[in-house]
Amino acid sequence: MAATKRAACLIGWPAAHSRSPLIHHYWLRRLGIEGGYSIEAVPPEGFAEFVLHLKTHGYVGANVTIPHKERALQLTEPDERARAVGAANTLYYDGDLLRSTNTDIEGFIGNLDASAPGWDRSPHAVVLGAGGSSRAVVFGLLERGVQRIALANRSIERAQALRDLFGERVVPIAWSDIPAALPGAGLLVNTTSLGMKGQPPLQIDLSALPADAVVSDLVYVPLETDLLAAAKARGLRTADGLGMLLHQAVRGFDLWFGARPHVTAELRALVEADLAPK
C-alpha cells in the first residue's frame, strides 16, 4: 500500500532489481516534491485486478515491466505509440480513465539527441533485431524522419512483419547482409541481447560505416559492450543503453508528479554506481 502522498510504482514479476526507484527518488529529492515510488511484485494472474484498482492502492500511475507490458495494453486506453509498439510501459490517469503509453520511444530518441547531437542528419539507418525493443526504435526513427531502415533479424519473417506494420521505409534484410547495409548508414542500432552479460558477443565489422556514423546499443550491462568499444576504437560516436533507460523515465515522472525532470551527469553516475559489481 502506498502512502497518502502522490506516489507511483513499478509493476513486474519479478521486479526487485529495477533501477526505477533509484531514478525517480533522485528526481523527487532534486525537485523538492513530496512523493514516492515503490516496487510492486505482481504475478500475471493478479495483474488485471491490481491495475484496475491502481487508485485504491494509492497510486497515480505506474511503470509496467516484464511480463505485463502486452496485458497492460489491453487493460487501459493506449495511445498511438503503445499501440504501434504493441506494449505499454507507463500507466497514468486522465480523470478516472487509465491511459497508457510507451516511453521507450522517447527514451531511445532522447538518448541519441543527448549523446550524439545531429545524429538524424543521415536519412539511412541499420537496426539489428525485430523484437519488442526494435518496434520502439523503428517507430521513433520513422517519426524523426529517417527515410530508410535496413532491419536485420536472424528470422527474416519477423523483420518482414515489422515492414508490414510500419511500411516500405523499413527494408528487411538477412543477418548475413548486414555488412552490405552499412555503407551510407548514419546510424547502427543493436536491439538484440547479443553483447549482454551472459550472452554471446555481437561481432560486426564496422569498417564500412561512414566516419560520422553513430552506433547505439540498447544493452546496459555491461555499460560498454564490445560493439560500442569497437565503435569508439574507430572514432565513431556512441549511445549506450543506460542513457535510454534514464531518458525513458522522464515522461512518466512528468505525468505522475507534474514536473519534467532532467537526465543529469549526477543521476547517471548514481545509477552507474548501483550497476557496478558489488
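Any Cβ shown, glycine's included, is placed from N, Cα and C.
Computed from a predicted structure; not experimentally measured.
When Leu54, Leu98, Leu218, Leu267 are compared with the NADP(+) site residues Glu80, Gly129, Ala130, Gly131, Gly132, Ser133, Gly241 in Swiss-Prot, the one appearing in that site is Leu218. Here the CA atom of Gly241 (NADP(+) binding site) lies 14 Å from the CA atom of Ser20 (shikimate binding site). In the three-state DSSP classification, Asp104 (shikimate binding site) falls within a helix.
Figure note: comparing Cβ neighbours within 10 Å for the recorded positions Arg19, Lys69, the maximum is reached by Lys69.
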